[in-house]
Amino acid sequence: MTPSQTLRAAHSAEWEAIAGHPFTIALAGGSLPPARLAWYLVQDYAFIDGFVRLAASAIATAPSLADSVPLAQFLAVITGPENTYFQRAFDLLDVPRADRVAPRLAPQTKAFQALMAEAAASGEYGRMIAVLTVAEWSYLSWATPHNPPAPDLPFQFAEWITLHAGPGFEAVVAYLRGQLDAAWERADPDLRARMQADFARAVRLERAFFDAAWQAG
Ligand SMILES: Cc1ncc(CN)c(N)n1
């Protein structure tokens, strides 16, 4: 197994809980109540703030330009089409401006922001890539079984699926896993332990984030 496969296999039960979470199943079926989707998107937009900073830090510490280009291109998707999706969904769901720019953060969002900030501040590319990989790979896992979405599924559900599935997103995850595998091979045992701990923390937090969203609203 590759290092990324081994890391994921160590958390297979939690990974499956994310991939088949009732929140994502309701989202894909179009039955997710608007208040729950709004809660999730408000918290996730705050998550995206930390994610963009973490990705930018990873770009700044990547071993080479070639290693950083795919992440820089992915960052353009997040700050482009994905950011536009958030604005359109907020408008549809009548999310107040204050909740878009300065929401009250749930404990799960704060915990995720803390992990991303710690990984970025560490200056260690391997730790940054470990967290980024969990975030995108776990989303590919839940979204893929629902792609393509039903043609009549409203955009606020359908586009959240298509942003996280399909060949373009699969290539992003393959790139991140390749970076994680290479960083792992370069890392000494102490750094590997930190990468492992960050990977585990990120998996726990992804699940906790969906659990909180499912109970919200
Ligand atoms: C919490 C979380 N994790 C991952 C993703 C996928 N970018 C997201 N939007 N939100």
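In case you wondered, yes, glycine gets a Cβ from its N, Cα and C as well.
As given in TrEMBL:
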- Glu206: active site, proton donor (ACT_SITE)
- Asp44, Glu82, Glu136: substrate binding site (BINDING)
- 11-215: domain 'Thiaminase-2/PQQC' (DOMAIN)
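Shown here: features listed in TrEMBL, placed on the structure.
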residue: Asp44; record: substrate binding site; Cβ neighbours (10 Å): 17
residue: Glu82; record: substrate binding site; Cβ neighbours (10 Å): 17
residue: Glu136; record: substrate binding site; Cβ neighbours (10 Å): 19
residue: Glu206; record: active site, proton donor; Cβ neighbours (10 Å): 25
Around the substrate site formed by Asp44, Glu82, Glu136, list the extra residues of the same chain whose Cβ is within 8 Å of the site's Cβ centroid.
Phe47, Ile48, Phe51, Ile78, Ala135, Tyr139, Leu163, His164
Among Asp44, Glu82, Glu136, recorded substrate binders, what is the largest CA to CA distance in Å?
13
Local confidence of the prediction over the domain 'Thiaminase-2/PQQC' (11-215), expressed as mean pLDDT:
98
How many Å separate the Cα atoms of the residue listed as 'active site, proton donor' and Asp44 (substrate binding site)?
11
